[in-house]
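Feature annotations, courtesy of Swiss-Prot:
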MOD_RES   SER8  phosphoserine
MOD_RES   SER23  phosphoserine
MOD_RES   SER40  phosphoserine
BINDING   GLY178, GLU179, SER180, GLY181, ALA182, GLY183, LYS184, THR185  ATP binding site
REGION    661-683  region 'Actin-binding'
REGION    762-776  region 'Actin-binding'
REGION    858-882  region 'Disordered'
MOD_RES   THR1177  phosphothreonine
MOD_RES   SER1684  phosphoserine
MOD_RES   SER1722  phosphoserine
REGION    1744-1800  region 'Disordered'
REGION    1866-1972  region 'Disordered'
REGION    1935-1972  region 'C-terminal'
MOD_RES   SER1954  phosphoserine
MOD_RES   THR1958  phosphothreonine
MOD_RES   SER1971  phosphoserine
Amino acid sequence: MAQKGQLSDDEKFLFVDKNFINSPVAQADWAAKRLVWVPSEKQGFEAASIKEEKGDEVVVELVENGKKVTVGKDDIQKMNPPKFSKVEDMAELTCLNEASVLHNLRERYFSGLIYTYSGLFCVVVNPYKHLPIYSEKIVDMYKGKKRHEMPPHIYAIADTAYRSMLQDREDQSILCTGESGAGKTENTKKVIQYLAVVASSHKGKKDTSITGELEKQLLQANPILEAFGNAKTVKNDNSSRFGKFIRINFDVTGYIVGANIETYLLEKSRAIRQARDERTFHIFYYMIAGAKEKMRSDLLLEGFNNYTFLSNGFVPIPAAQDDEMFQETVEAMAIMGFSEEEQLSILKVVSSVLQLGNIVFKKERNTDQASMPDNTAAQKVCHLMGINVTDFTRSILTPRIKVGRDVVQKAQTKEQADFAVEALAKATYERLFRWILTRVNKALDKTHRQGASFLGILDIAGFEIFEVNSFEQLCINYTNEKLQQLFNHTMFILEQEEYQREGIEWNFIDFGLDLQPCIELIERPNNPPGVLALLDEECWFPKATDKSFVEKLCTEQGSHPKFQKPKQLKDKTEFSIIHYAGKVDYNASAWLTKNMDPLNDNVTSLLNASSDKFVADLWKDVDRIVGLDQMAKMTESSLPSASKTKKGMFRTVGQLYKEQLGKLMTTLRNTTPNFVRCIIPNHEKRSGKLDAFLVLEQLRCNGVLEGIRICRQGFPNRIVFQEFRQRYEILAANAIPKGFMDGKQACILMIKALELDPNLYRIGQSKIFFRTGVLAHLEEERDLKITDVIMAFQAMCRGYLARKAFAKRQQQLTAMKVIQRNCAAYLKLRNWQWWRLFTKVKPLLQVTRQEEEMQAKEDELQKTKERQQKAENELKELEQKHSQLTEEKNLLQEQLQAETELYAEAEEMRVRLAAKKQELEEILHEMEARLEEEEDRGQQLQAERKKMAQQMLDLEEQLEEEEAARQKLQLEKVTAEAKIKKLEDEILVMDDQNNKLSKERKLLEERISDLTTNLAEEEEKAKNLTKLKNKHESMISELEVRLKKEEKSRQELEKLKRKLEGDASDFHEQIADLQAQIAELKMQLAKKEEELQAALARLDDEIAQKNNALKKIRELEGHISDLQEDLDSERAARNKAEKQKRDLGEELEALKTELEDTLDSTATQQELRAKREQEVTVLKKALDEETRSHEAQVQEMRQKHAQAVEELTEQLEQFKRAKANLDKNKQTLEKENADLAGELRVLGQAKQEVEHKKKKLEAQVQELQSKCSDGERARAELNDKVHKLQNEVESVTGMLNEAEGKAIKLAKDVASLSSQLQDTQELLQEETRQKLNVSTKLRQLEEERNSLQDQLDEEMEAKQNLERHISTLNIQLSDSKKKLQDFASTVEALEEGKKRFQKEIENLTQQYEEKAAAYDKLEKTKNRLQQELDDLVVDLDNQRQLVSNLEKKQRKFDQLLAEEKNISSKYADERDRAEAEAREKETKALSLARALEEALEAKEELERTNKMLKAEMEDLVSSKDDVGKNVHELEKSKRALETQMEEMKTQLEELEDELQATEDAKLRLEVNMQALKGQFERDLQARDEQNEEKRRQLQRQLHEYETELEDERKQRALAAAAKKKLEGDLKDLELQADSAIKGREEAIKQLRKLQAQMKDFQRELEDARASRDEIFATAKENEKKAKSLEADLMQLQEDLAAAERARKQADLEKEELAEELASSLSGRNALQDEKRRLEARIAQLEEELEEEQGNMEAMSDRVRKATQQAEQLSNELATERSTAQKNESARQQLERQNKELRSKLHEMEGAVKSKFKSTIAALEAKIAQLEEQVEQEAREKQAATKSLKQKDKKLKEILLQVEDERKMAEQYKEQAEKGNARVKQLKRQLEEAEEESQRINANRRKLQRELDEATESNEAMGREVNALKSKLRRGNETSFVPSRRSGGRRVIENADGSEEETDTRDADFNGTKASE
């Protein structure tokens, strides 16, 4: 990120100081000290340097205080190099661990950098102070920038979401999550602020009257909602006590068109009660502190301490003034459009809520009834709310309630009255809040423009753990659980699922962050029900309490892992839930009340009838059922997306909130989420302090580390092939050959051309995936490439424009010279008399003819005006008729609207009654079900009592059996003690032999613990026998009490049932009445519809007449416009002709004067004129022929071009059709490829499962071997068995050690060894179970005895006729007591043995703990090494990428050098060429200069001769008298001299012209030379500077590359050292593997002896494989058929979708027709045009309808084929089932053979056990392999049958879908037929529109032709005039010679006037001025 010198004050909180980070001193210090992170109790982690390594421990020196500490290797974490300090994206860290992440966040936080990227999301730490990073300047900095171009900021997140919404056309959401006080609300406000600036809807608009109104209101909505919904809590001074989802709608161009706010769960209980040091909602304090005196008197306000509902009085907020905030809130409401009356009404309601708290009730002396001794507060409440005081107090103290069908008054107690007032206050405030929200939404959504997409911002209460957590905290924490689960699912599950779906190489990583168990604990509906479901269930029962709810919750969810019962119970209403952020203790007191939210009906009806309109509006929709108040309408108005389901159902607060949350989660899942994780640094709300453990806990809970890890290891950026090719093909322009190419193949070629590292990307099925930062790098290169291309294009454009401007200047220069010459000629010509005469006479020639034409045109115009007036009168009449018809139509529509509204109200009432009836019926059914359950339970109790008598008879026998069992137990105890002593000795021996027998000790410990637990159980049972009798007696009494209660409840239920039946009959009668009313309304509606149809028919006739009239009017207007155009063209032609007439007249006058002057040369001049006229006519004819041929050629070229265009369009259509076919084929091939890939994956997984099960079976074979060898012996052979187990444990421990050595590379071996170890544990546990069977039987007998004793005691109290039997049992009990006393003595002995065993157990546990600690240490080392390996792999990838980037830069550098060399050589060549041209032009200039000098010399010589001749002529004239005789000769000589002089003049003029031209050329050459020289010098200088700059830049880059290479060498050296270490470990492992291989070879030698017996097994295996292959073949065929059926189904679905689209298009056309009909009332012309267009559309729709009918027939054929194929598949399934049964029989036969082989094997094992133990083990392994193969066959057979069942199911689903599609197609057909009638009406309109457009095009073409002809004729006239002028000039050259001759004397004698005239005429007709 570019830094611009010194950072400004606000940029210091955004940018990092790179000078400190890139310090080489810090880098060297880090490398020298070997810095690491070690755990710290204060700071979480502390920096230290490694001093010494001692095995598994490391001695480190703390950097802060220099203290040396010894820590474990597993506890230290690597430190990143200093260049990664304060890194902006933590995914760039080299060593990713908790310490590095915490350190980076801490460093940035202390530097004022609160935003940090963490992979794909952003982490924000609350600064607890104001930072200058939210100004308009910062907004402009982030506007339109990419993420990597600017530092982290909430503006960057908002801009990314905004740009993604516009580019991808996908809805976006920004989720700010975190604990309470972390800064979610503030960041939400910043997002809205940024969007209001960037996407302002008034940008670029001219209307400034509404500038930014919507944006202002959007920004001001937050202060209003915060004032009424936020409060101060312990953790946060501005805590949102409600959740909100702000949906900002944007149009297609990205402007804001509206917004909507949805709220969730306002904590309304805060309005009446607050915890210590907390406040209620802000508006209460704002109002009391900021209201003026008048307002205080109007609102009846008092001091803070005078209100009971303000529990803590006035609690100030630091840095906030309540009075100022009140003014801001009032201003915000004014901006939102709240009137002053509405504001005052709102504040009155707020004040009334406070006054409700001041109402005090007292208990009367003799009764519990409540009374109100002082009603002052009540009077204030009633004054503010507009209700009667007496009615209000009566409703509170003695409300009227309904008992059955009667209404009675019931006196309330003090507690009930207090509760009613508090409930009223809460409900009033909640309704006020919802009204404000509805009003705000109405203001924000008043534009009524359709939004193309939206951006949602979620701000919801954060996770809360208070001292007392109630129902609101449960809902808030439940919401946060759902949001965190969405984050985990989006970041971890969906990301990896897409990798697998695209088929890229990826191993699925389970991050263990599933929160579903906790969510199900709260929201699960049944089996078992969750917290909310149980709470709703308890709300049904009238006697339910909070304690019963908690008890039921503990019984249902007591075993749930996320549910806990607190150990130290303060109250019986407490329970705990383990959330993702920690354990929360909830107190369920008053939860039932909060969930039901009851209200007093009497008070709500009073408020509904209030005199205050605002209060009445708040309470207008009260609907109460079963004690719950309903606010359905208000909820719908505030939540536009909420559906109108179950208006009258029993709806609890929990249910409503759960549904709202479900809709919110659905909305979020449909958007692309952008996560912002807000972190709270400390709980003291202090800036500059960061609690490390608090931040770490939040990072762990939020999944920050896992998110960074998957961002680093995964491929977070992805792009589809077509978009990648379209966007980045400019970077590899020549890589893709011309012609069609598959998108994937093209991307592969582009990747090769771009030379990307293969580790940086993966190519999937439809997308290409990139690691972090790769796409950003490609974007930068693309921007640079586009910049270069644009610069080159701009240079070419500027060059072209400069050349064009230069040519234009040259043309202007020559034109200026011509104009100057002509102006000078005109100045001399204007005083010529003949010219003046010509200009006066010429305009008078055509005046008479033009006047006649003007008169005719005026007559025609008058007629046209009359016709237009007539048409206008007709149009006015038609408009009057139309207005009458529209009025009639409006009246009919109003009547129809009123009737439909009446019908809708009746329908709504019917629906509401039906819902109430349904609710009551459900309650009745539930009561009946409970009644039946109670009856069943009573019958069960009677049956149990009958069973007791029979069971009592068997009690004596069971007691005797128990005594025998006790004796057996004592014997077993003695034997067990002996065995335990032996085992103790053997354990000591084993400790001496090997110190790694921890596993066996664990097993022995479990065995001993089982024995001790059994002994303890026996002791407890012996003690409890004395208490059994009392217990059973109490149980019987409780059962009798419960039975009586059940009988009472049954009677109550019967009464309720009768009552409900009566209500149901009343409802039936009401429903019948309503149905009769509905029938009457329907009849009236039918009549009105008939009248409306008749009116519409009349309207159609009127419209047709109007259309005809409009058609005539349009024709007349067209005719008028044609005439007007003809008139204009005639006028223009007349003016043009007059102008031409004047010009020709002037020319004619000039010609006449010239002809008069040139009468001397008559014959020759006439001949020349005739010749010239003939030449002119010939030229005219040739010109006409040329124009005609040119027009013909143009016409032919147009026809050819049109034909070529048609051919190309046909070819294009063919190519499109071919492309569509290829796309379909490609899709089918891709589907087949995906299916094959899926099959391959399934087979691979099956193979892995088979291998895994093979290993398990091998372990089971070993287990069977040990069981077969050890199970046959008696328990006396325990010592031998222990020795065997010792050997096995030794082998296992050896394998474990080997696995620990291979921990880095052989993790799978560790898993297999642990599985083997688990098998041995299970084996030992099974043996202990066999030894303890007797004790379990004893426990069973005791349990049976207990149950019988219970039954006995119950019968003693229930029946008196069994007293004798009870006395005998008492005698038996006394005997049993004696026996128990005897047994107590044995128990004491057992206790002594127990103490001894406990000591042994303690020793064993100590040894076990040591072994477990060693194992944990090994696990830690393994994990640490694995993390180091992962870091090394990441470093290696980074280094590879760095090397590849360096190589690419080197290649680019070489390429740039080569280009620079080429450019410099090219410029050198250009310079040489320019110098050569300059030299040539200089030589030409010199030669021209010499020629000019020669011409000047010749001119001077001619002038001298001329002067001499003049002198001679003067002499001759003067001597005329003397030589009169020689006059004739003198005249001849004079004429000769004059001709010579004339020739000399012409030569002189020609020489002067040439001289002028050479001078001009010389000047141009000099100017061009100077310009070229200057440009060349500037280019050379710029090129030198550019080369110098590039050289310096390249030197800097080389220096940077050298430093980077040096770093890379160091890192490579470290990697090489690690590699050497790993290679050493590998060599050790290879040595161990060699020893294992030698042992394996020895086993193989012994195995070869028994290979003959294996051949039989192999044959059977081959048979089984053949049968399996047959099954697979048949299954594949079935799958192919199913795929073909699926393809047919897909085709049918596509056809159906096409029909659906056609239907939707028809609907759209229908709506457009309706709109056009409405618009026809104002403009008839548009309706006529639209009519013709729509008629053509109707024809097209008819054709599409016919095509759809054909498609439907084809679809029915396909359905028939599908049914036939389904029957065929069912037959094949039957055959497959038969083959499967055969395979099953074969498998059973193989299993029997396998059992026989096992028995043979056991026999062989008994025979040769002592000698060939190893060979038997090998045989058993082989047998296990065969068993595994057999089981594999069985599994494959099961998979085949499963796949067949799946195919069956798919086939049925396909048939059902086909049937549904057939029905839908029929519906579409009916809709299309209905649309035909409307569609035919539109066909005529489109034809008329086409005729109109053709006529307009014809007129346009006609005018274009006339214009072309006029311009051609004008050009021809101009050419003719020029030709005449040139002829006239040539004629004057000869005609003026005599005049000069005759005027020669005048030239000599007279003054200079005549000479000037001659010169003027010469200049005029020759074009150049002769001067003497």
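Counting begins at 1 with the first residue displayed.
Cβ atoms here come from the backbone N, Cα and C positions, even for glycine.
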Please report the Cα separation of THR1177 (phosphothreonine) and GLY178 (ATP binding site) in Å, rounded to an integer.
97
Listed modified residues are SER8, SER40, SER1684; which of them have CA atoms within 10 A of the CA of LYS184 (ATP binding site)?
none
I need the CA-to-CA distance for SER180 (ATP binding site) versus SER1684 (phosphoserine), whole Å please.
57
Mind looking up the mean pLDDT for the region 'Actin-binding' (661-683) in the predicted model?
91
DSSP says what for the region 'Actin-binding' (661-683): how many helix, strand, coil residues?
9 helix, 8 strand, 6 coil
Chain residues in Cβ proximity to the region 'Actin-binding' (661-683) (below 8 Å; excluding those fewer than six residues from its ends, i.e. six or more beyond):
105, 109, 118, 120-126, 128, 154, 157, 160-161, 164, 168, 170-184, 187, 235, 245, 262, 264, 456, 458, 462, 478-479, 482, 486-487, 490-491, 641-642, 689-691, 694-695, 698-699, 702, 704
Does GLY178 (ATP binding site) have same-chain partners at least 6 apart in sequence with Cβ under 8 Å from its own Cβ, and which are they?
VAL124, LYS184, GLY462, PHE463, ARG677, CYS678, ILE679, ILE680, GLN698, ASN702
Taking Cα atoms as reference points, rank the modified residues SER8, SER40, SER1684 by distance from THR185 (ATP binding site) and give the first.
SER8
Taking 8 Å from the centroid of the Cβ atoms of GLY178, GLU179, SER180, GLY181, ALA182, GLY183, LYS184, THR185 as the cut-off, which other residues in that chain fall inside it around the ATP site?
ASN126, CYS176, ASN236, GLY462, CYS678, ILE680
Residue among binding-site residues GLU179, GLY181, ALA182, GLY183 with Cα closest to the Cα of SER1684 (phosphoserine):
GLU179
Please report the distance from the Cα of GLY181 (ATP binding site) to the Cα of SER40 (phosphoserine), rounded to the nearest angstrom.
26
Number of other Cβ atoms within 10 Å of the Cβ of GLY183 (ATP binding site) across all protein chains:
23
Pick the one among the binding-site residues GLU179, SER180 whose Cβ has the fewest other Cβ atoms within 10 Å in this structure.
SER180
Provide the number of Cβ atoms within 10 Å of the Cβ of LYS184 (ATP binding site), excluding the reference atom itself.
27
Give me the count of other Cβ atoms within 10 A of the Cβ belonging to ALA182 (ATP binding site).
24
Measure the Cβ-based neighbour count of SER40 (phosphoserine), defined as the other Cβ atoms within 10 Å of its Cβ.
16
Rounded to the nearest Å, what's the C-alpha distance separating SER40 (phosphoserine) and GLU179 (ATP binding site)? Just drop the number here, would you?
25
Quick check on the recorded positions SER8, THR185, THR1177, SER1684: which one has the highest count of other Cβ atoms within 10 Å of its Cβ?
THR185
Reduce the DSSP letter at LYS184 (ATP binding site) to three states and note it down.
helix
What whole-number Å value do you get for the CA-CA distance of GLU179 (ATP binding site) and SER8 (phosphoserine)?
33
Helix, strand, coil: count each for the residues of the region 'Actin-binding' (762-776), based on DSSP.
3 helix, 6 strand, 6 coil
What does DSSP give as the helix, strand and coil breakdown of the region 'Disordered' (858-882)?
25 helix, 0 strand, 0 coil
Can you grab the distance from SER8 (phosphoserine) over to GLY183 (ATP binding site)? Cα atoms, rounded to a whole Å.
25
For SER8 (phosphoserine), name the DSSP secondary structure in the helix/strand/coil scheme.
coil
For a three-state summary based on DSSP, what are the helix, strand and coil counts in the region 'Disordered' (1744-1800)?
57 helix, 0 strand, 0 coil
